């Protein structure tokens with residue numbers, strides 16, 4: 001792997017499979033009474049969040065703590081950033097404090113890249129979401145969830161998603177999750193189809209390594225996984241569709257539409273969900289929906305990323321006991 005994780009497009013197939021396989025090892029820790037490894041003891045991980053977050057911030061914090069790293073949580077609200085401090089000065093402050101890794105979420109696309117290439121800090125930089133650009137660890141946990149469900153947790157080691165057909169539905173225009181997933185899933189051999197109203201499809205999407213459809217019903221029967229995306233109204237300054245009811249009628253996933261999917265197919269959502277709009281309660285609460293699994297898998301994936309970027313102790317990892325009936 002490279003020194004930083006800025007974009008899913010930076011990952012080769014071997015990089016991605018290594019992260020997924022390492023995450024399987026990390027998942028064993030979650031089955032233990034004491035969910036902790038000493039592998040990053042003495043290292044400092046800073047969660048630098050300029051945007052609100054629940055799942056991602058808590059997930060990174062849990063991941064770092066399970067690896068025994070010291071964690072500093074930084075929120076732009078209530079900090080000197082709210083007084084006008086620049087990203088550079090914030091980064092220099094973190095460097096002075098000895099940060100070994102900085103996990104950054106920022107509203108500006110490209111902020112993590114700037115932090116990683118500026119020379120302001122020496123530590124590893126992990127992109128936890130930048131504007132509408134990318135969210136690579138979300139794509140990794142999505143791929144991890146797909147591999148576990150569609151290939152198998154035990155039989156999936158070393159394998160990718162070759163031949164799997166993944167459909168991503170919703171606000172593609174504003175979705176950093178969609179962009180990262182398109183890059184990563186195609187790298188892993190999957191075939192990706194984007195489904196959205198024409199107004200929520202980005203300009204230049206024809207250059208992306210995926211297909212585009214404007215009809216959800218046309219693609220459900222041949223999908224191994226359907227990922228629903230929230231409409232990001234906070235990034236909109238105009239009307240992109242007539243009404244929420246009309247959007248839900250054409251692009252929402254309900255029980256009737258879910259029944260058109262193959263029996264093995266799964267329903268995914270990166271969260272937060274808006275029940276009744278892009279997904280109904282019936283679908284969200286069904287056994288085919290992996291939302292809760294994705295949250296749990298996110299901790300394992302982020303443990304793997306931090307472990308690999310910071311050169312954790314292989315001895316500590318190999319000391320984690322295998323999953324057995326006794327320690328489940």
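Each Cβ is built from the backbone N, Cα and C atoms, and glycine gets one as well.
Copied over from Swiss-Prot, here are the features:
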BINDING   55, 56, 105, 135, 138, 271, 272  carbamoyl phosphate binding site
BINDING   83, 176, 230  L-aspartate binding site
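Recorded features from Swiss-Prot, shown on the structure.
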residue: 55; record: carbamoyl phosphate binding site; Cβ contacts under 8 Å, 6 or more apart: 271, 272, 295, 298
residue: 56; record: carbamoyl phosphate binding site; Cβ contacts under 8 Å, 6 or more apart: 105, 128, 129, 135, 137, 138, 298
residue: 176; record: L-aspartate binding site; Cβ contacts under 8 Å, 6 or more apart: 129, 130, 131, 132, 133, 134, 135, 138
residue: 230; record: L-aspartate binding site; Cβ contacts under 8 Å, 6 or more apart: 170, 171, 269, 270, 271, 272, 273, 274, 277, 278
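Residue 56 (carbamoyl phosphate binding site) falls within a helical segment according to DSSP. Those residues of the chain, other than 55, 56, 105, 135, 138, 271, 272, with a C-beta within 8 angstroms of the mean position of the carbamoyl phosphate site C-beta atoms are 53, 54, 59, 128, 129, 177, 270. Of all the binding-site residues listed here (271, 272), the one with the fewest other CB atoms within 10 A of its own CB is 272.
Taking every pair among 55, 56, 105, 135, 138, 271, 272, the residues listed as contacting carbamoyl phosphate, the largest Cα to Cα separation comes to 16 Å.
Other Cβ atoms within 10 Å of the Cβ of residue 138 (carbamoyl phosphate binding site) number 27 in total over all chains. The DSSP secondary structure for residue 176 (L-aspartate binding site) is helix.
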